[in-house]
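Novice: This structure is in structure tokens; I'll ask about it shortly.
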Amino acid sequence: MKPWNKQATEKKNVLLFIPNLIGYVRLVLLLASWIFFTNPVLFLSFYTASVLLDGLDGIVARQLNQTSAFGAWLDVVTDNLGRGMLWTLLYKWGYFISALEWLVFVCTHTLGAQWRSAAKSTPPSWVQTVMANGFKTPAGAFAVCGLHGLPVWLYGLKAHLWAPFMSHHLQLGVTGVLISGRALCMGVEVWFIISHIKDLLAENQEQKTPLLSTEPLIENTD
């Protein structure tokens, strides 16, 4: 097989990895949830199915040894599309939340698959606490719950889905907890954006700074 044919086959195989096929199904489910946004039962059914598959594709990728840079990219893009859809359909200002998440994606994607540990700047202790062990810490779980849970919870509030099951005060309490988690996550996001901007400025400065010659200066004796 010719080298370029082999490369094309390998790329095609990556696109057909089982975890990536699950990712395509998630995109279809998000499209369905968008179509049925005004129908709470159908919307939550499709959206929840997409979220559950988000947890499944990672497990399948590791079990089948089918991890890939494309798969990691597709996973984050699908997450952002889902939350972005929710935020922008729920509130006019939801666009800014979605824009923030896409900005962070741009910043972290430039660092590669190991973006959690590849940042050039040393994160402050509270950011390290949130991100430690792949967000598998109390602070990390709190931030992730706010990130993923808040828009879905707010959708339920607007659709009056929670009223039959919990008091108004309890709904306010859950809302406050999720907002706090999202605020913590936003703090980490803002740090990544600022860190990325600093790295870009430093890189630009390095390009403009002339290299110092290591050769000795020759005095003019004429």
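Just so you know, glycine gets a Cβ as well, placed from its N, Cα and C.
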Novice: Which residue range, 50-70, 134-154, is the one TrEMBL calls transmembrane segment?
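Specialist: Based on what TrEMBL states, transmembrane segment spans 134-154.
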Novice: In the same chain, which residue numbers or ranges, 6 or more beyond the ends of the transmembrane segment (174-194), come under 8 angstroms Cβ to Cβ?
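Specialist: Residues packing against the transmembrane segment (174-194) from afar: 100-101, 103-104, 107-108, 119, 123-124, 126-127, 130-131, 139, 142-147, 149-150, 153-154, 157, 162, 166.
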